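To start, the structure itself, in structure tokens.
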Amino acid sequence: MCRHWAQCWGCKTTKTSGEMDKPLISRRLVDSDGSLAEAPSEAPKVGILGSGDFARSLATRLVGSGFGVVVGSRNPKRMAGLFPSAAQVTFQEEAVGSPEVIFVAMFREHYSSLCSLSSQLAGKILVDVSNPTEQEHLQHRESNAEYLASLFPTCSVVKAFNVISAWTLQSGPRDGNRQVPICSDQPEAKRTVSEMVHAMGFTPVDMGSLVSAREVEAMPLRLLPGWKVPALLTLGLLVFFYAYNFVRDVLHPYLQEGKNKFYKLPVSVVNTTLPCVAYVLLSLVYLPGVLAAALQLRRGTKYRRFPDWLDHWLQHRKQIGLLSFFCAALHALYSFCLPLRRSHRYDLVNLAVKQVLANKSHLWVEEEVWRMEIYVSLGVLALGTLSLLAVTSLPSIANSLNWREFSFVQSTLGFVALVLSTLHTLTYGWTRAFEESRYKFYLPPTFTLTLLVPCVVILARGLFLLPCVSRRLSKIRRGWEKDGAIKFTLPMDHTLAQKTSHV
């Protein structure tokens, strides 16, 4: 039955698989008065067991994709008004009669209530769309789909649509992820559901057998898994540099001179902290590449795995770079807001009064003027280059670039951004690093701390540009190995040699 159903709908899916921009409600399902008309009798029927929010959104999407929808509910009279008028809302026993594909939009604890329908569901395709909570996922060893398959062994259970939200179903695939992971032990049932996914404007992704359902159900439970370590790193740097600047700029004047400068905490101290964090994070994006290259030079081969900590560090570079851009953008916004502060206005008035009392008609320090002009210009260039890196890291932009273009932007321009940021910092600290008054509580100025890691990265990259080093590194990355790195031994026995893989 599944094959006949798929062939009957096959000609339609070939037309609709590429139509991602079609409206949610098909034109042929709308009457002249704007209400939904009854679905054509030849449209393939699909059943839905459940009447929750996801079931209603699923019914709306299926109707808009040209399917005939039959919804099974325990109270059809009360639920009928919540579904599209083209969808038939009836009792569960009647809803599972004619459709060959039935979506089970119910919670796991309600699966047992369907056991009375076992004879009617025999031979049909059950699509499990449920998601467990994090506690349920840890508590149960088997997935919801596997549990459903154990209750209905005569049915073909398919796990699908659990990663698609109700909002995405209603608004269309353009407002959400198009990919729909699918897994099942029955290839024919999986193929049938895949064609439905295409017809609804989404992209099916084959995840294998039903054993993979546990992994598929874990997908919605993950909360930015690749961002945990970078976020904690950023938070740690923020706390460290904020506390460091607080001691130097607020606590030191209060204890040593009796000046109350706690008003600097919301804006000034934050604005001093953000560029430090952004600068260090940007250097940490390129430091693991330097360490990896040094390790390859030392080993004389590329065919040995990096340590786990370095491998994970390399995998988190994108997130670290985006957080660096975020902190740099906040620093730019805070800098624009500095003249708006009331304290800044008072400082200007006090400076003008001091100038008048000192009988100075003209106050101009050439070095400070040039320092600030160059400092601001380099900061703008660094932020602009960092913005380009952030934009090209987006999948929609990255997919339009070939590998050489992407590598040039992320590697070459990224290193340029690091150099510009270093010049930006050095311009600010021109001669201030050597002034005794800058060392409060014997603590060096903040910018001197931030220069340590970036300068190491820049110097190392400079060493790698030397011909003797760059040629050796290039040979290693093209497969060359130094003597003794890896030894190949050929078996002496001819029969054993025939069993040796030549791949």
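Using N, Cα and C of the backbone, Cβ positions are placed for all residues, glycine too.
Matching 142-163, 406-427 against TrEMBL, the residues noted as transmembrane segment span 406-427. Sequence-distant residue pairs (6 or more apart) of the transmembrane segment (320-341) and the transmembrane segment (229-247) include at least 3 whose Cβ atoms are under 8 Å, placing the two stretches in contact. DSSP states for the domain 'Ferric oxidoreductase' (276-420), grouped as helix (H, G, I), strand (E, B) and coil, give 121 helix, 0 strand, 24 coil.
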